[in-house]
Amino acid sequence: MASTVSAYKEKMKELSVLSLICSCFYSQPHPNTIYQYGDMEVKQLDKRASGQSFEVILKSPSDLSPESPVLSSPPKRKDASLEELQKRLEAAEERRKTQEAQVLKQLAERREHEREVLHKALEENNNFSPLAEEKLNYKMELSKEIREAHLAALRERLREKELHAAEVRRNKEQREEMSG
């Protein structure tokens, strides 16, 4: 049984799909049988112990006979009445107008946004000069105050040193007078 299954598997590997299908339907194929599938012919050459051999013949587009199935075209629509055509034209015109209005609305919104941005930029530019001048004046005043405070502190230290030096001189003179 196992040898039969393995032999069957080997046979299946050798057979083409087409011969497999044909052998399922026709156990004994007729000699030199020609099968037609659309624009190709399959001709059985001979049957061997190892399998079957076939010749596949493709027809050129010019050889296609009128008997072969033609690609089906979509079914023709019935003739539309004048009223239907008029309704379609009106609907198309309405869609076009709606689309055009929508595009114009978007353009108007874009222009309005551009105007707002430009106006804001001009406003900031006009406000920038006074603000910059104000900041500069503030910084100058602040640095002037800091400088004056620093100079006042230096003067105070210098005055204290002079007072200390005068006291030291006085003490020295008093010692000299006492000792001398």
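Just so you know, the numbers here start at 1 and follow the chain as drawn.
Heads up, the Cβ atoms here are built off N, Cα and C, so glycines get one too.
Quick look at what Swiss-Prot annotates:
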- CYS22: S-palmitoyl cysteine (LIPID)
- CYS24: S-palmitoyl cysteine (LIPID)
- 38-180: domain 'SLD' (DOMAIN)
- SER50: phosphoserine (MOD_RES)
- 58-81: region 'Disordered' (REGION)
- SER60: phosphoserine (MOD_RES)
- 60-74: compositional bias 'Low complexity' (COMPBIAS)
- SER65: phosphoserine (MOD_RES)
- SER68: phosphoserine (MOD_RES)
- SER72: phosphoserine (MOD_RES)
- SER73: phosphoserine (MOD_RES)
- 75-179: coiled coil (COILED)
- SER81: phosphoserine (MOD_RES)
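Taking CA atoms as the reference points, SER50 (phosphoserine) and SER60 (phosphoserine) are 32 Å apart. Cα spacing between SER81 (phosphoserine) and SER60 (phosphoserine): 43 Å, rounded to the nearest whole number.
Confidence annotation: the coiled coil (75-179) carries a mean pLDDT of 92 in the model. In the three-state DSSP scheme, SER81 (phosphoserine) falls into the coil class. For SER60 (phosphoserine), the number of other Cβ atoms no farther than 10 Å from its own Cβ, over all displayed protein chains, is 7. A sphere of 10 angstroms centred on the C-beta of SER50 (phosphoserine) encloses 10 other C-beta atoms. In the three-state DSSP classification, SER60 (phosphoserine) falls within coil.
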